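Engineer: Got a structure for you, questions after.
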Amino acid sequence: MTSLLALSPLILVCATAIVVMLTIAWRRHHELTATLTVVGLNLALAAQVVAWWQAPVSVTPLMTVDGLAVFGGVLILIATLACATLGHAYLEGAQGPREEYYLLLLCAAAGGLALVSSRHLAALFFGLELLSMPLYGMLAYTYRERGALEAGIKYMVLSAAASAFLLFGMALLYSRTGHLDFAGLGEALATAGGDGWLMAGMGMMLIGLGFKLSIVPFHLWTPDVYEGSPAPAATFLASASKVAVLLVLLRLLQSSPVQDAWLHSLLAVLAFVTMLVGNLLALTQNDLKRLLGYSSIAHFGYLLVALVVNDGLAAETAALYLVTYVLTTLGAFGVVTLLSSPYSGADASQLHHYRGLFWRRPYLTAVLTVMMLSLAGIPFTAGFIGKFYIVAVGVEASRWWLVGGVVAGSAIGLYYYLRVMVTLFLPEPGMQRRDATTDWAQRAGGVVVLGLAALVVVLGVYPAPMIDWVRFMVAG
């Protein structure tokens, strides 16, 4: 009974997916399908409280529900709820089937919940594939648009290659240690010394997970996929998907710490290069979705700093940064979603689509401005708190060159974030683009982005509740 209660959020999401599938087979109705999805996700989010009271509990040898799993589950469900709500506004004017989007979204969310609870390589692979496969369909959902079809196929092919690296790395680890559980791997790695096959296995696993996190040099797919995919699907890929992978990587490194100096140094170099490459490549972008893609690369470079340090504050720092990143990313992509719709061609992602937005959509302009400031790490926004923690753990560990990389990357990023903000307030152009819904503020999507903007500001001014909650969850 305890195990069932601990897994109740995952069970509810899976049950909702089944109900939605049966509903689609019975009767196609966009409003009904979206409502069932949102109700099921809200029930799953409420069930996280029940799961927390049961934690920590081992659910079979494959999964464990502890504070970190509940924390990741909350973030994934919040991001999925936002994507479902924003997707409703986005798909309202779409031609053809719309209901399957919610089914794919629920299946991907179930994969994310399974992934953050995994403590075994088999569960890790199962959760990762359950998360990735629905994304193939979501990214190519508006298949009449050439860019969406290209994004879906590109992500599918490269993701399959990354999964092959991941599987081969798992095979090498199992052949040398006889263990697939994280704890057993940790003990074997601690006593193995500098075994080359073990390090090769860990390295190949890092390649597979690094692809999912867009770590340099496995990042080249990111801007193309973000640009071509439908805005709600890109939102999920940039938020919930990366949260799940980052948290399972954190759990893996905590259970199976990297002892060899060269592999530890490799992680540090990857963090440094990812920070700088992501920010430098974003400087020349004129497409907001591509810009946010490169920005995402840079932010996961910052997050790698916490994983490299891997001291007492590493988990807390990574979790805190994930909260600020998810809120900000959902808000930024939410504005893109509300200004886009399949009935007016490709998404409103070019910067010239946002020229003079202040004069016709002042509230959306305010939201996007807040999100850009938070991504840049400006004080009085949630993004500043996350970046402060990253710098603090780097200083505490005397990783001065990584701290320098964070500071330099943030300085470079400030330029292109300000460039977006300036565009919003330029004189209005003669040609206006058709937006998704005219009375957006009366709809749930507008409420979502306004609520996210308010949270980003409030948590930036008064971060104590967020810090206490993260510390409580990670410690539990």
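One-based numbering along the chain as shown.
Cβ coordinates are placed from backbone N, Cα and C, and glycine is handled just like the others.
Sharing the record's features from Swiss-Prot:
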- 4-24: transmembrane segment (TRANSMEM)
- 32-52: transmembrane segment (TRANSMEM)
- 67-87: transmembrane segment (TRANSMEM)
- 100-117: transmembrane segment (TRANSMEM)
- 155-175: transmembrane segment (TRANSMEM)
- 198-218: transmembrane segment (TRANSMEM)
- 230-250: transmembrane segment (TRANSMEM)
- 263-283: transmembrane segment (TRANSMEM)
- 291-311: transmembrane segment (TRANSMEM)
- 319-339: transmembrane segment (TRANSMEM)
- 366-386: transmembrane segment (TRANSMEM)
- 406-426: transmembrane segment (TRANSMEM)
Engineer: Who are the chain neighbours of the transmembrane segment (406-426) in space, where the CB to CB distance is under 8 Å and they lie at least 6 residues beyond its ends?
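Structural biologist: Long-range Cβ neighbours of the transmembrane segment (406-426): 275-276, 278-280, 282-283, 285, 288, 291, 295, 298, 301-302, 305, 351-352, 354-358, 365, 368-369, 372-373, 375-377, 387, 390-391, 394.
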Engineer: Same chain only, please: residues at least 6 beyond the ends of the transmembrane segment (32-52) with a C-beta under 8 Å from a C-beta of the stretch. Say none if there are none.
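Structural biologist: Those are 5-10, 12-13, 15-16, 19-20, 23-24, 65, 67, 69-70, 73-74, 77-78, 80-81, 84-85, 87-88, 98-99, 102, 105-106, 109, 476, in sequence order.
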Engineer: Are the transmembrane segment (291-311) and the transmembrane segment (67-87) close enough that 3 or more Cβ pairs fall under 8 Å, when only pairs 6 or more apart in sequence count?
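Structural biologist: They are not in contact.
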Engineer: So which residues does the transmembrane segment (319-339) touch in its own chain, when a touch means Cβ under 8 Å and the partner is 6 or more beyond its ends?
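Structural biologist: Sequence-remote neighbours of the transmembrane segment (319-339) are 68, 71, 75, 78-79, 82, 86-87, 89-90, 231-232, 234-235, 238-240, 243, 246-247, 288-289, 292, 296, 299, 302-303, 306, 347-349, 353-354, 357, 361, 364, 367-368, 370-372, 374-375, 382-383, 385-387, 389-390, 433, 435-437, 440, 445-446, 448-449, 452-453, 455-456, 459, 466-467, 470, 473-474.
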Engineer: Taking the transmembrane segment (198-218) as the reference, which of 4-24, 230-250, 263-283, 291-311 gives the largest number of Cβ pairs under 8 angstroms?
Structural biologist: 263-283
Engineer: Who are the long-range neighbours of the transmembrane segment (155-175) in its own chain, taking Cβ under 8 Å and residues 6 or more past its ends?
Structural biologist: 121, 125, 128-129, 132, 135-136, 139, 185, 197-198, 200-209, 211-212, 218, 221, 225, 229
Engineer: Cβ pairs under 8 Å only, please: of the recorded stretches 230-250, 263-283, 291-311, which one is richest in them relative to the transmembrane segment (100-117)?
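Structural biologist: That would be 230-250.
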